[in-house]
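Participant: Let me begin by handing over the structure; questions about it come next.
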Amino acid sequence: MRHRTVLDSAEISRAISRIAHEVIESNKGAQGLVILGIPTRGVPLARRLAEKIAQIEPDADADAITGSLDITMYRDDLRRGKLRSPEPTRIPPTGIDGRTVVLVDDVLFSGRTIRAALDALADIGRPDAVRLAVLVDRGHRSLPIRADHVGKNLPTAIDERVSVTVAEIDGEDAVTISAPEAA
Amino acid sequence: MRHLLSTTDLTRDDAVDLLDVAEEMAQVSEREVKKLPVLRGRTVVNLFFEDSTRTRLSFEAAAKRLSADVINFSAKGSSVSKGESLQDTMQTLAAMGADAVVVRHAGSGTPHRLATSGWIDVPILNAGDGTHEHPTQALLDSFTLRRVRGGLPASGPAEGARGTDLAGSTVAIVGDILHSRVARSNVHLLNTLGAQVVLIGPPTLMPWGVEEWPAEVFYDYDDALAAHEFDAVMMLRVQLERMHQSFFPNPREYTRLWGLTPQRYRALPGHTAIMHPGPMNRGFEICAEAADSPRAVVLSQVANGVAVRMAALYRLLMGTESEGRS
């Protein structure tokens, strides 16, 4: 396997800053925003995004708008795949009804995770709008889903692996791409 | 995990994992849509050969919250009264396409027989077999204890219990240990989770060989209360339907010696939770004052039963198809 680092810590930080500005711009402020990370690595990314938003818009409180949304129970491959344990779902006390929910995930690939997340959201409440922010969009969608805010568009081959590490979980921030050795 | 027959089959990690999944299931009860799509299109059969209110309703609610179809079977009014055997009943259910069977039976070992007989090849969940085991009751008791010990709300959604066990806590189980499947399941599970178990009851209602159990035994309630500061006192129901001989002279003497009387209740340390698997015989093994006090977590136990059973169904029916069926 050949590994190549696509984004380093500083670049990830800049990407999140830009996404924070984009989210505020399209929402015309921070009012009514709820930032939900999809476990595992979407959760710390959502946290950072909310903190950036709170820096830019001082009336926003990062703690009050951040949460996590577990999609384990809504996966379409639950019966087949390995034994999965649900991760926490934590919705801010204000709820999501009538709000603008920004879903945050690390990598957008087939789109199946996001489909499951939309189903999970519908069981929790009725947001005004749902936006999708991802750190990396690697293409190869199987469903008609696209991201509103993308840290980096990364054209990949289907057999390459994109992995995101974050300091909160893995000790360092990086996006790497690994390709199998040519035979 | 293929079946849930006995708490002795659970390792500490299995048990903590089940309780953690149940923590997530408890969140669902507060949502707008109290349902998860996990078991959509699957059929869970509740096979009850013995009377039950809360366990059957709880399993039914759990299966329905996971979107499963539920078929309730009770021996009364079925072909069992025409003499149908257990084997034929099970093969009928298998032919109808059941995906899991929850069974309660007066015969100890019935769930084990169903799991090993080859009559039906689906996960079996023991909902109480004779005087043997009642594993989901023990799981919900441990779930409640974990909450109470952490100073958390005894039921409903809460943060902070995930990943913990019961190491360092002391739990009393009081009353008819001999006939109690709840006590058997609890002794094993509480031990697995690191709690110290103290059994209290009349010598006539202690099982043969109890000294081999991983528990301390007291025949005098007040001696036990003097010797330990209990985190919880679990009062068992005196099972009059299983008593075909006199185990104690009369009910009043039982209440005086082994009941949670107002005097004993008032002398308990402030943090002791009062538990009862239900149904309670008020004024017999537990006084109304204790049963209605804020320290009684009896209704929380019932609420947690749904979450724990959802976790058990989820674990047994999901994700393991490829390995589990081989």
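Glycine too: its Cβ is placed from the backbone N, Cα and C atoms.
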Participant: The carbamoyl phosphate site in TrEMBL lists B:Arg54, B:Thr55, B:His134, B:Gln137, B:Gly278, B:Pro279. Which one of B:Arg2, B:Arg12, B:Arg104, B:Arg315 belongs there according to the record?
Facilitator: B:Arg104
Participant: Going by Cα-Cα distance, which of the binding-site residues (B:Lys82, B:Arg181, B:Arg237) sits nearest to B:Arg104 (carbamoyl phosphate binding site)?
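Facilitator: Closest by Cα distance to B:Arg104 (carbamoyl phosphate binding site) among the binding-site residues B:Lys82, B:Arg181, B:Arg237: B:Arg181.
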Participant: Could you break down the residues of the domain 'Aspartate/ornithine carbamoyltransferase Asp/Orn-binding' (B:168-315) into DSSP helix, strand and coil, giving a count for each?
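Facilitator: Result for the domain 'Aspartate/ornithine carbamoyltransferase Asp/Orn-binding' (B:168-315), in helix, strand, coil order: 64 helix, 24 strand, 60 coil.
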Participant: Using Cα coordinates, what distance in whole Å links B:Arg181 (L-aspartate binding site) and B:Gln137 (carbamoyl phosphate binding site)?
Facilitator: 9
Participant: A 10 Å Cβ contact count, applied to the binding-site residues B:Arg104, B:Arg181: which residue has the minimum?
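Facilitator: Least crowded of the binding-site residues B:Arg104, B:Arg181, by Cβ count within 10 Å, is B:Arg181.
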Participant: How big is the Cα-to-Cα gap, in Å, between B:His134 (carbamoyl phosphate binding site) and B:Arg237 (L-aspartate binding site)?
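Facilitator: Given the Cα positions, B:His134 (carbamoyl phosphate binding site) is 14 Å from B:Arg237 (L-aspartate binding site).
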Participant: For B:Gln137 (carbamoyl phosphate binding site), which DSSP three-state class applies?
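Facilitator: Where B:Gln137 (carbamoyl phosphate binding site) sits, the three-state DSSP reduction gives helix.
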Participant: When you tally the Cβ atoms that lie within 10 Å of each candidate's Cβ, which of the binding-site residues (B:Thr55, B:Gln137) has the highest tally?
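Facilitator: Counting every other Cβ within 10 Å of each candidate, the maximum falls on B:Gln137.
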Participant: Please give me the CB contact count at 10 A for B:Lys82 (L-aspartate binding site), counting all chains in the structure.
Facilitator: 6
